[in-house]
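Pulled from TrEMBL, these are the features on record:
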type	residues	note
DOMAIN	1-90	domain 'PTS EIIC type-1'
TRANSMEM	56-78	transmembrane segment
DOMAIN	109-188	domain 'PTS EIIB type-1'
ACT_SITE	CYS131	active site, phosphocysteine intermediate
Amino acid sequence: MFLFVAPWLYVVHAFLDGVSFYVADLLSIRIGNTFSGGLIDFLLFGPLQGNAKTNWIWVIPVGIIWALIYYFVFRFLITKFKVMVPGMDESETDANMPVAPSGKASTLNDEAQIIIQALGNQANIESVTACTTRLRVSVKDGAIVDKNTIKNLGATAVFEVQGGIQAVFGGKADLLSQEINQILGTED
């Protein structure tokens, strides 16, 4: 996602990625992949082929070191240059938000009620669905949606997408969708 916000960060990523391949070559790490380069590829083309062929054992310490390098380099660059990557906003919190004293709504129903208010109430909501991590809401007027309230309920990011709002709640998104639809009386 940072590619669209700060393309120069992609140059940093490309450099770090290139150096990681150089380090892997120096350590004679020879692990192939087919599609994703994920865990299955790692297991099939690394440990199952044997360390003598692939030198896969080096992937673990190098991976840990590289993860730390990436984290600290990107954290430094993002904070130093104030890059507004998705999930960050200048006004992250507001003391006047309608949430429980703990900073979170006390129940799923409470959170759903607050989200409905933040979306402009039932009159502004056309439909509510969810995927694995995002609450997807079609709204009539996106301008009246209070994104900060939704973020204060635990959404890591709130996006306006094709006439609707998408809030990233993680695994709780589907539960919130069901609860909101139940409150609105639109459940299937």
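Placed from the backbone N, Cα and C atoms, the Cβ positions cover glycine too.
Away from its own ends, the transmembrane segment (56-78) comes close to residues 9, 12, 16, 20, 23-24, 27, 29, 31, 42, 46-47, 49, 85 of its chain (Cβ-Cβ under 8 Å, at least six residues beyond either end). DSSP assigns the residue listed as 'active site, phosphocysteine intermediate' to coil, not to a helix or a strand. Within the model, the domain 'PTS EIIB type-1' (109-188) carries an average pLDDT of 91.
When DSSP labels each residue, the domain 'PTS EIIB type-1' (109-188) comes out as 37 helix, 22 strand, 21 coil, counted as helix, strand and coil in that order.
Each residue in the domain 'PTS EIIC type-1' (1-90) gets a DSSP state, and the totals come to 63 helix, 0 strand, 27 coil. If you take the C-beta of CYS131 (active site, phosphocysteine intermediate) and look for same-chain residues 6 or more apart in sequence within under 8 angstroms, you find ALA173.
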